[in-house]
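First comes the structure, then the notes that go with it.
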Amino acid sequence: MTDDHTQPGFLSTVSAEMLGTFVVVSVIVGATVIAGPVIGSLGIALAAGFAVAAVYATVAHVSGGHLNPAVTIGLAVAGRFPWRDVSTHVAAQLIGATLGAAFILGVLADGPAAALATAQRDGFASGGYGPLLSPDGFGLVAVALVEAVFTAVIVALYVARGHRLSTDVEGRAATALTIGLAVAALTLVAAPVSNGTLNPARALATALFAGPDRLGQVWAFVLFPLLGALVVGIVARIGTRSRAGSPASPTDPA
């Protein structure tokens, strides 16, 4: 089964990416700072995965459903996304993430006594490293490895399956499920180490509301996911060029 496909316009693409990132970040941050004591780490990870899967399935045919600057840049490096659209995609993601974090901040501001202060004291779902700011006291090297490698896995899934503006509803749903399950699993493992940001837009948005200590460490949660994305993009680009330059085998169709 396919749905009718027309090339989405600029406003549709930017709006889809901004609103999609808003939903993903608000769900993840809300699950962490509001529902976290009830649902625990597994519930937070599942919320992240479900949010990404649902949003991807909804907007992938419009904007690609990147929802993450690392994904957008990784796809551009791989040659799967036009560089001319990177800046607007990333800007939309940053705005959406900031609005999502601000939305949860507003909810907490009218919540139980000290709810907002407690959430900010605990980091407001932002990344952190070292004995005071990492959830379980992991250092910068551990955080760098987790953020870079796990983000690279997510970007690799987009490169392999999710970069096309698919018109196939079933195919898009399968890709959404694949990416969502991966995000859930990776978030579950990364949460004790780095809070499992794996997304520079989320990292920046939450750090803005988490206080100066978290904001002072946010560079790591921008740099290392982007490094992971760059590695995947470069490897994919080299692989594409190698395949394009290889001679056809005798069994290749004419």
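In case you wondered, yes, glycine gets a Cβ from its N, Cα and C as well.
The transmembrane segment annotation in TrEMBL covers 18-35 (among others).
With a cut-off of 8 Å between Cβ atoms, the residues of this chain six or more beyond the transmembrane segment (42-60) that come close are 16-17, 19-20, 23-24, 27-28, 31-32, 35-36, 67, 162, 165-166, 172-173, 175-177, 179-185, 187-188, 191, 196. Here TrEMBL flags 42-60 (among others) as transmembrane segment.
Annotated transmembrane segment per TrEMBL: 95-117 (among others), in sequence order.
Residues or ranges marked as transmembrane segment by TrEMBL: 137-160 (among others).
Within the same chain, residues 41-42, 44-46, 48-54, 56-57, 60-61, 65, 134-136, 138, 142-143, 146-147, 150, 153-154, 157-158, 161-162, 166 sit at least 6 positions outside the transmembrane segment (172-193) and bring their C-beta atoms closer than 8 Å to a C-beta of that stretch. The transmembrane segment annotation in TrEMBL covers 172-193 (among others).
Residues of the same chain lying 6 or more positions beyond the ends of the transmembrane segment (218-236) and with a Cβ under 8 Å from any Cβ of it are 68-71, 73-80, 126-127, 129, 140, 143-144, 147-152, 155-156, 159, 194, 197-200, 203-204, 207. Taken from TrEMBL, the feature transmembrane segment applies to 218-236 (among others).
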